[in-house]
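Here's a structure for you.
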Amino acid sequence: MNAPTNVDLFSGAIARLDKAFQYADIDAEALERLKHPKQILQVSVPVRMDDGSLKIFTGYRVRHDDTRGPTKGGLRYSPNVDISEVKALAFWMTFKCAVMNIPYGGAKGGICVNPKELSRLELERLSRGFIEQIADFIGPETDIPAPDMYTNAMIMGWMMDEYSKIHRRHTPGVITGKPIPLGGSQGREEATGRGAYYCIKELEKKRDWVPKKTRVAVQGFGNAGQSIARLLHADGYQIVAVSDSRGGIYKPEGFDIPSLIQIKNESRRLQAVYCTGSVCEAVPSKSITNEQLLELDVDVLIPAALEDVITVSNANQIKAPVIVEVANGPTTGEADEILNERGKLVVPDILANAGGVTVSYFEWVQNQQGFYWSLEEVQQRLHAMMTQEFNHVYDWMIEKRIDMRTAAYAVALSRIGAAIASLGTAQYFSDNDS
Ligand code: GLU
């Protein structure tokens, strides 16, 4: 059942902590705590299929750490979901929330399923069935799911509705990324891409980039990949390559992104729920593989699809001087070392893709207070937080002469460490005189 690539994802994820530890203000006991997820739940979800048969799906929810607040993180539907992947993703959420200074811990969940093989009704039954199984584990003050890979606003709406039925009270704050008429936030849909865009706008100032002369390749043309490509293109950036799971396209003079998005989205077969079209069929251009896209001679490379795509086998071939990680965990630890030695700047996932959870936090705040913000308010607040935390991490990187990922982990560790230490450290409890 476990995909071989995921087996060591969690060990790989926690290995990054030891490097950051020496630059962070946190004691060793607190660090040790963060290497162990707080709670792990595995469930079996029976679903009556359209043909009358019964199928059992395996689902997971992992709460990694809740010292700084309720746990937060997405739910993914993928045939590769397994416990090591979900643990790693939950761990990253703890650090993502801390690096953004959002009052949440981290969690993640998922169901081992290929959603494209299910009808809409089967998908609804699976989503509601999963909530029935985890209804006592989640809640607006304990653990708040959200969309992730191959889940979307409608699925979040079904889940919120199911949770509200079980608890017999309307509970929009139990889940974020909902449709706007069901208590979703303005700006949530594009938030991950927009957050990464704000990071790039800060780099533009630091590196004196001229957008028209700056070439960008985006791997992954789902929600986040499309949003960042659209925003950068609107500023004049040259988006020279994009790809989806079936392959990529390359055009040295740059694509017209709005029409590419339109073509891709019109070729959906299950329009309202899943995009199954391929960018490969969209416009006349040179076809490239996903692997070739990563090695293009561009100024900015944006992996916005899967984990572990930049590895020891291709890190030496990456030409882009700047990599902005919009996917979760696209670079392995060993590849990271190679990229750092080669002087590449990697804006790490826990910062670059944190726009999504930041607007999820805004959504939850709006749900809890029952008062809703305009799109402009959401964008202004996201801009302010992304810019502040990007520069905070960037300054640590410069000051301590470390790579940006280590700086992001050190900032996050110090914040989590401060929260853990506020409840007492080994030194405090062994000092009986005070
Ligand atoms: N799944 C997204 C992530 O990995 C969003 C999580 C959330 O909004 O809670 O950051």
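Each Cβ is built from the backbone N, Cα and C atoms, and glycine gets one as well.
Unlike curated entries, TrEMBL annotations are predicted automatically.
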For the substrate site that TrEMBL gives with Lys96, Ser360, which of Lys55, Lys72, Lys116, Lys400 also belongs there?
Lys72
For ligand 1, pick out the recorded positions Lys72, Lys108, Asn223 that have a CB under 6 angstroms away from one of its atoms.
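Among the recorded positions listed, those whose Cβ sits under 6 Å from ligand 1 are Lys72.
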Spatial neighbours of Asp148 (site 'Important for catalysis') among the binding-site residues Lys72, Lys96, Ser360, defined as Cα within 10 A: which are they?
none
Can you tell me which binding-site residues out of Lys72, Thr192, Asn223 are within 10 A of Lys108 (active site, proton donor) by Cα, answering none if there aren't any?
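So far as Cα distances go, the binding-site residues lying within 10 Å of Lys108 (active site, proton donor) are Lys72.
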Given the binding-site residues Thr192, Asn223, Ser360, which one's Cβ is surrounded by the fewest other Cβ atoms within 10 Å?
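So among Thr192, Asn223, Ser360, the binding-site residues given, the one with the fewest Cβ atoms within 10 Å is Asn223.
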Among the recorded positions Lys72, Lys96, Lys108, which residue has the largest number of other Cβ atoms within 10 Å of its own Cβ?
Lys108
